[in-house]
Each structure stands twice: as C-alpha cells, then as structure tokens.
Amino acid sequence: MQRKTFDFSFVVFSVIVAVLGAIIGMQIIVTLGITPNTSIVGALLAMVIARIPLPFFYRYTSLENQNLVQTTISSATFGAANSLLIPIGIPFVLGRPDLIVPLLCGAGIALIIDALILYKVFDSKLFGANEAWPPGIATAEALQAGDRGGKKAMFLGAGIVGGIGGAWAGIPMSAFGVAFIGNVWALSMFGIGLLIKGYSVPVFAINLDVYYLPHGVMIGAGIVALLQFVKTIVDERKLHRKDQAAAAVEEAWENTRTGKDVSKAFGWGYIAFAGGAVVTALVGGLVTELPLWQLLLFLIFAAFAALVTQVIVGVAAMHSGWFPAFAVTLISLIIGMLLGFPPIALALLTGYTAATGPAFADLGYDFKSGVLIRNAKDKKVELYGRRMQLKSAMIGFVVALIMVTLFHDMFFSADLVPPVDRVYAATIEAGITGKTGMYLLLWAIPGAVVQLIGGTKRQLGILLATGLLITSPLAGWAVIIGIVVRLTILKVRGPQAAAAMYTTAAGFIAGDALYSFVHSAWKAR
C-alpha cells in the first residue's frame, strides 16, 4: 500500500465515482426497494476503470487501489440508499416534510458513527476478519479474477449498454439484472409479490393497500427474520464453544483489535449516538413537543436502539451475508410505540435507527475484501490499509449526503420513496388508529409463516413483502423471466458461465439506474 495514494487527483476521481454510486443507489432503492450487492458492483466498476488505456488510469491497475475505488463506490451506494434516503422518506410519507432536514442531519451523523465504530471493532473476536462476510469474499475474488484478464470488463460494458437500451424500451432492467445475482428462491418470491400487487386491482379488483396487506406481511416477516437471526447467532456461538478446543489447535489468526478496543468503541459509540439523537431532537423540534422526562427517555432509547441495531445487523451480516436492518428498525419502532412516544418522535426515532446498521454490514464486506486483497502478515500494514479504506468510505459518505440533499426532492415529488418507508409510516399511524392495527396484525401472520418456512438464508417473507409493496407488474415479469434465463444458461453452459452472467447482470443494473436517473432529471428540469 503506497503512502501517497490519497493525492488530489485520486480524491477527485473518488468523488466522481462516488457520484455514480450514489445515483445508482438512490434510483434502485426507490424503484425496487432493494439495493444490489454494493461491494461487488463497486468491484466490477473498479475493474473497468483499471482497463481504460490512458496514463491517468494506470495507477488503478493495482488491486489495492481498485479496492479503495470499490470501497468508495460501495459506500456512496449504500450510504445514499439505505442510510440516508430511507430515513428521510419516512416523514415525507407521513406528511411531515418539515422533518426531512432534521432526519437528514441525524441520519448523516448516525452513518458516520456507524462506520467509525465498525472501523474500531473490525477484526476483533466479536467481528473477526477471519469470519465469513460472504459478499466480501466474492468481491475480493472478483477483483483478483479481473486482474488476470479483461473479459469481466467486456461483459460489464455490454451489460451497461443492454441496461440503457432496455430501460429506454420501457423494460425494468434493474429487476432483470437482480434476477441473475441473488438467491433464486428469494427472488422468485420477490417476483411473485410484484405480480400479485401489479394485478390485484385490474384482475381481482382488490386494492391490497386498503387492507394494509403488504405492510402486515412485511411486519410479520420482519419480526420472524429478527428472531431467526438471533437464533442463528446463538446456535453458532454454541457450536463455536463445542469446537473451541479443536479450533485452538488449528487457529493461526491473530486479531488486530482487542477486547479493550471493542469496549472503548461501543462505549464511545453510545455517547456519540446519544449526541446525534440530541441534534436530531433539537432540529426536529422535540424539545417543545415532549416533556423533559419523555425527551430524556427518547434520547436514551434512541442511542440504545442505534447501538443494538448495528450489533445485530453486523453479526448477522458477518455470518450469513444477509442483514435484517428493516426487522431491527421495526422492533425499535414498536418498542417506541409501547413507550408512548408521539408520532413526531416515532418518525425521528425510526429514521435515526434505520440509518444505523447498513454501514456496519456493507462496510464490513468491504473491509473483508481489503483483508483478502492485502493478505498482509504485518498488523501495521493491515491497519494502514484498512485506514485507507475508511478514508475512501468517508469520501463516499460525504458525496452520498450531498447527492441526497440535492436530489431527494426530485424523487419525492414524483412519489418515489423506498417501499419500506410506507411500512414504517403505516405502523406509526396504526399506533394512533386502532383499526389499522387489526389489519397489520392479521396480515403479519402469513408474512411470519412464509418467513419461517424460508429460513434465514432464503428470506422468503421479506422478499415477498417487498414485492407486495411495489406496483410494477413489468418488474415482476422481468424477475421471473430473468430467473428462467439464469437457470437455462447454467443448465446449458454449466457453472463456468456464472461469473460472466453475474458481471453482465451488474451492468444491466447500472445501465438501468443511469438511464432512469438521467431521464428523471431531464423531465424534472
């Protein structure tokens, strides 16, 4: 790792690619409700950059520099989508646009704290760099494979062209591309949900939203998902204890962070989260809305919920590659309702909590890929490389904050908000209108059952509910057709076709996002 990496030209270029990542993240989260694997997409774009035959780009042939660019793109993508746009969409759906700026401030603070805590605890015994972090492994393998040849860049470029062309023709290419990347069972449920929602009114003359069916299904699935992740963590801890003696003989990994580092990080983190909650409450006007005792309770609980959210999300992501950010945020909201917070406080609490967790998961994947790329035997070299990744992530976060600040109104004015925001808003409103609560409880049951059947790996309930929240039958057909094409290719060409297919699919997603963003900006001018 060269110590002059972060010169002016590198920072400027990082800002440019971060803008691209933020655009992709915002567009996909409001149209599909999900974001692609930000780490792997960032890696694929970094590989393309490394193949540009101009002197300025020669430095990006280094895998370590590609990893930094990938970290910047990834951070801007999930930062803009999951950590910023989702939180500020909640007050918009609730009809309180005056709370957007307070939540943007709070979410930005929470995002930075989230990343800093992860930096301090990553590669400790609690969050070991030798643990799975599955997308991080995939990202590192993609970068290393790209270093040996330029075919991936060719497939990605073809995918981008196809994504732009398909989007121009009215085909939801993001949905088509996602079908080639994720778990087939989960994506099948996503497609089914899209089709049910898309044809419920024209075919069956039933408006699912009137009965809060999508919202209830998501709540039931979210609660079960959280319980499943907790069970998975407990089971793995028990298994770890049983195998501890054998593992001690074989284990050669030496953590770069100690238990003391972890204690200090979480202790500082709680204080920092409390400070962020104070800023959110002050700017959001809670000082005049709540009595002193309830304001203090809000600050204490908001900081606690933020800390617990990132821990649960981080551990789940580390072991399974999935993270239940929605489920944990939903539980925090429900507890807030039980504590008697009014709607304005619940909106701020939910948005603030939703901003934490994604960075702990996605940046954890990026750190894991960095560990594998560097393969450093010296602790100082590894920590230095990780610190460079943190700098790259911070560039991505700052750009994401600026992009969301500038362009969120363009999406909201077209009634484009992340679908989960409608669930949060419906839950808050159900707390003050009892009839809605009955519908939410009723439809939570099938959501919980489907999630229970699918298990932690497949996330059937969560994906079904996500599809039910989106009115886009074309996207449903795109997902189903994409899955059929994917299975056909693998059957005919074999597993060796998976890498090219994955890369091309990432291009479909990027091309669709870029076309949609430019088209929306042109229409909004």
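Indices start at 1 and increase along the chain as displayed.
A Cβ is built for glycine as well, from the same backbone N, Cα and C atoms used for every other residue.
TrEMBL does not curate its annotations; it predicts them automatically.
Beyond the ends of the transmembrane segment (12-34), by six or more residues, the same chain brings 41-42, 45, 49, 68-69, 72-82, 85-86, 172, 174-175, 178, 190, 392, 395-396, 399-400, 403-404, 407-408, 411, 416-420, 466, 469-470, 472, 475, 509-510, 512-514, 516-517, 520 to within a C-beta distance below 8 angstroms of the stretch. Residues or ranges marked as transmembrane segment in TrEMBL: 12-34 (among others).
Look at TrEMBL and you will find 40-60 (among others) tagged as transmembrane segment. Remote same-chain partners of the transmembrane segment (40-60), defined as residues 6 or more beyond its termini with a Cβ less than 8 Å from a stretch Cβ, comprise 9-10, 17, 20-21, 24, 66-67, 69-74, 77, 135, 138-139, 142-143, 146, 150, 152-153, 156-157, 181, 366, 369, 502-503, 506-507, 509-510.
Same-chain neighbours of the transmembrane segment (72-93): 14, 17-22, 24-26, 28-30, 35, 38-39, 41-42, 45-46, 99-100, 103-104, 106-108, 110-111, 114-115, 325, 347, 350-352, 354-356, 358-359, 362-363, 365-366, 392-397, 399-401, 403-404, 408, 411-412, 417-418, 420-422, 424-425, counting only residues six or more beyond its ends whose CB sits under 8 Å from a CB of the stretch. Annotated transmembrane segment per TrEMBL: 72-93 (among others), in sequence order.
Taken from TrEMBL, the feature transmembrane segment applies to 99-119 (among others). A Cβ distance under 8 Å defines the sequence-distant neighbours of the transmembrane segment (99-119), meaning residues of its chain 6+ beyond its ends; these are 75, 79, 83-84, 87-88, 90-92, 127, 265-266, 268-269, 272-273, 275-277, 279-280, 283-285, 306, 310, 314, 344, 347-348, 351-352, 354-360, 363-364, 367, 386-387, 390, 393-394, 397, 401, 404-405, 408.
If you look up TrEMBL, you'll see 153-171 (among others) marked as transmembrane segment. Beyond its flanks by at least six residues, the transmembrane segment (153-171) meets 44-45, 47-48, 51, 146, 177, 474, 478, 500, 503-516, 519 of its own chain at Cβ-Cβ distances under 8 Å.
Per TrEMBL, the feature transmembrane segment maps to 208-230 (among others).
Positions annotated as transmembrane segment by TrEMBL: 267-288 (among others). Panel annotation: around the transmembrane segment (267-288), residues 99, 101-103, 105-106, 109-110, 113, 116-117, 120, 295, 298-300, 302-304, 306-307, 344-345, 348, 352, 356 of the same chain, lying at least six beyond its termini, place a Cβ under 8 Å from a Cβ of the stretch.
Marked as transmembrane segment by TrEMBL: 295-316 (among others). Outside the transmembrane segment (295-316) by six or more residues, the chain places 110, 113-114, 117-118, 126-127, 226, 229-230, 232-233, 266, 269-271, 273-274, 276-278, 280-281, 286-287, 322-325, 328-329, 332, 335-336, 339, 341, 345, 348-349, 352-353, 355-361, 364 with a CB less than 8 A from a CB of the stretch.
If one looks beyond the transmembrane segment (322-341) by at least 6 residues along the same chain, the residues whose Cβ comes under 8 Å of a Cβ in the stretch are 82, 218-219, 221-223, 225-226, 229, 290, 294, 297-298, 301, 305, 308-309, 312-314, 316, 349-350, 353-354, 357-358, 360-361, 420, 423-424, 427-428, 431, 456-457, 459, 462. Annotated transmembrane segment per TrEMBL: 322-341 (among others), in sequence order.
Per TrEMBL, the feature transmembrane segment maps to 393-412 (among others).
Counting only same-chain residues 6+ beyond the ends of the transmembrane segment (432-453), those with a CB under 8 A from a CB of the stretch are 189, 211-225, 228, 343, 426, 459-462, 464-465. According to TrEMBL, the feature transmembrane segment maps to 432-453 (among others).
Look at TrEMBL and you will find 460-485 (among others) tagged as transmembrane segment.
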